[in-house]
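This report concerns only the one structure given below.
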């Protein structure tokens, strides 16, 4: 992997991790175009995912600081309830990661047709959430957190956008737009770090090898994903507040159809 390929893929990851267009799907498409092999993908994926977590920490640091200050008061306050909701949202993805990891990895290796189909599903979900207008609630309940977590678990499929699925689900439940966007980006931090840790352990045990990726390519990929992630995170929060997700539904529909046509 050259540094230029790493920069392009890093930009793709940073932008699509937050925008509702599926980072896994776009990374799969980009990797296929560049002819990047699976062992290279694993190492690079770990690096760019950690980069997007760092961008979330930077952009949402004020909210994270608020959570920890309230949490260490050791009482049942809004901050503690927020953390409980995040933990509840992690349950479905945790179950998928523990019991269905091999099945999910097999799907990732099944080609781009599944990516195209899931992009169309993302488009349908975003469209439905745009036109359906439930009564808005002020707070995200524990029940809502679990349902949003189910959406996140389904979004392990390549091409099905995680942010698109979780935000659209929350909108259909009537959750506050601004709070929902922040919750969607914060709830993914533990699963991403957990997956990165497991993949790192897997590589160190020798079950997978790091491909011949130069250190420069990894650094460039990290920086590209971090910068793009910071910009996309701020942009996406404003997009959700303004209710402009329909434009991404159109994009996902076009991209999904294009991928499917190329695979026929």
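Just so you know, glycine gets a Cβ as well, placed from its N, Cα and C.
According to Swiss-Prot, the protein carries these features:
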type: TRANSMEM; residues: 41-61; note: transmembrane segment
type: TRANSMEM; residues: 82-102; note: transmembrane segment
type: TRANSMEM; residues: 106-126; note: transmembrane segment
type: TRANSMEM; residues: 140-160; note: transmembrane segment
type: TRANSMEM; residues: 213-233; note: transmembrane segment
type: TRANSMEM; residues: 244-264; note: transmembrane segment
Under 8 angstroms for C-beta pairs, at least 3 of them, ignoring pairs fewer than 6 apart in sequence. Is the transmembrane segment (244-264) in contact with the transmembrane segment (106-126) by that rule? yes
Should anything in the same chain at least six residues away from the transmembrane segment (106-126) have a Cβ under 8 Å from its Cβ atoms, list it; otherwise answer none. 20-22, 24-25, 28-29, 32, 38, 157-161, 164-165, 168-169, 245-246, 248-253, 255-260, 262-263
Residue list, the transmembrane segment (41-61) vs rest of chain: Cβ under 8 Å, 6 or more residues beyond ends. 1, 6, 9-10, 13-14, 17-18, 23, 27, 31, 182, 185-186, 188-189, 192-193, 195-196, 199-200, 202-203, 208, 210-211, 213, 217-218, 221-230, 233-234
